[in-house]
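Read the structure below first, then the notes.
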């Protein structure tokens, strides 16, 4: 429960309070209300709910619906003049985060918080950390792919970083479940829209940066994207940073006065020898490590997670066992066809991750290589040119372009846009299952491979704003082995 007095105190301390308006009267102090629930969904309110009127598309009609359901007061950046009191604020998203934090009893103070950011590798690194910490502790995890609040039950995540009301409710449930640590992926969007406003992480990890999520509804420029990624460093007590990432020198200067550790070839913590399923490291993680996920970049992600978990109480033995046990649904999943050709299913969904995926497969498969690829609609439009550039640099690839969450766009138009950046013919088959079936039918022997990129373990396609059932790349590939 939270009272109106507590609510106003939070807003005033954050310099985010304007006034309470009630029947055209302005109030600096206000009393007589307490709230047992928080909501930003007008369909889920009653007389004891504090309702947040948020979003660029919010309509007064939503508020009218809430009032008919018993709503007595709301918080907003706008007075909708509907006859009930309104708490007016300058920034609704910041208000949501701080009020949710207090309402749920400050659960962040009862958990060790580890956050990963980066253009790619966040989910894999989060899974490595989860398995490392699980050896001696009780970690919860919020990842792009799956969420677990008790370490036993996993459910599909809706956002990389949940809305603040949901985030702190879930954190409180983690505390109730006896969890000791929470591992999170923190997106640039989470900082852009203040989902984690006021939250300080025990360790923040910056894996890498490359142009992505740049478009009309995301970040307008790379500078804006990079800036919002860097906010994790400002909001972490200690940081772990990749020494060979782009703009590393800037980050090194930024974190010079806080606890930090670097990893990678230009640091004291680096991989000295690397095999397909093992590696040796020196520095704080000195030793031998077995790993199931192929690719040097996955070994680097394991190093990043290991250094973070070492700071959070994990032993070297915990880290070794955790790395050896880690598998990630939809990340470098490998199948073998009856003719011994390989099928690789991976979530690679931007130019950088596609380049790394192709390079790993080409190390092991030297025959015919088929690539199945698409790009999402209405987001990350810059990826399309990036995909074309990467494909152009791998002339031995045979490419079939297909649907990948087309949303409100025509998947064939998206494919044509990707194709416009490739200086050789490619095939377009918008039906993703048909594209996979054809690619697999063209592979004949052990040196051949099909690479299915983009959707990973997702069992849906986003079409016209809705999640439409889709069997999943791995399930479809298994069907045609």
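Cβ atoms are placed via backbone N, Cα and C, with glycine included.
Under the three-state DSSP scheme, residue 119 (ATP binding site) falls in the coil class. Around residue 119 (ATP binding site), the C-beta neighbours below 8 angstroms that are at least 6 residues distant in the chain are 207, 208, 209, 210, 212, 350, 352, 353. Residues annotated as ATP binding site in Swiss-Prot, with sequence analysis given as evidence: 118, 119, 120, 121, 122, 123, 124.
Secondary structure at residue 229 (N6-carboxylysine), as computed by DSSP, is helix. Residue environment of residue 229 (N6-carboxylysine) contains 24 other Cβ atoms, counted within 10 Å of its Cβ in all protein chains. The N6-carboxylysine annotation in Swiss-Prot covers 229 and rests on sequence analysis.
As annotated by Swiss-Prot, motif 'L-lysine recognition motif' applies to 404-407. DSSP assignment over the motif 'L-lysine recognition motif' (404-407) gives 0 helix, 1 strand, 3 coil.
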What Cα-Cα separation, expressed in whole Å, is found between residue 124 (ATP binding site) and residue 229 (N6-carboxylysine)? 18
What other residues of this chain sit with their CB within 8 A of the center of the CB atoms of 118, 119, 120, 121, 122, 123, 124, the recorded ATP site? 116, 125, 185, 207, 208, 301, 353
Mapped DSSP class for residue 124 (ATP binding site), helix or strand or coil: helix
Which ones, of the binding-site residues 118, 121, 122, 123, have a Cα no more than 10 Å from the Cα of residue 229 (N6-carboxylysine)? 118
All chains considered, the count of other Cβ atoms within 10 Å of the Cβ of residue 122 (ATP binding site) is 24
List, in sequence order, the same-chain residues at least six positions removed whose CB sits under 8 Å from that of residue 118 (ATP binding site)? 125, 205, 206, 207, 208, 209, 229, 242, 245
Just checking, which of 123, 124 (binding-site residues) has the fewest C-beta atoms within 10 Å of its C-beta? 123
Over the span of the motif 'L-lysine recognition motif' (404-407), how high is the average pLDDT in this prediction? 97
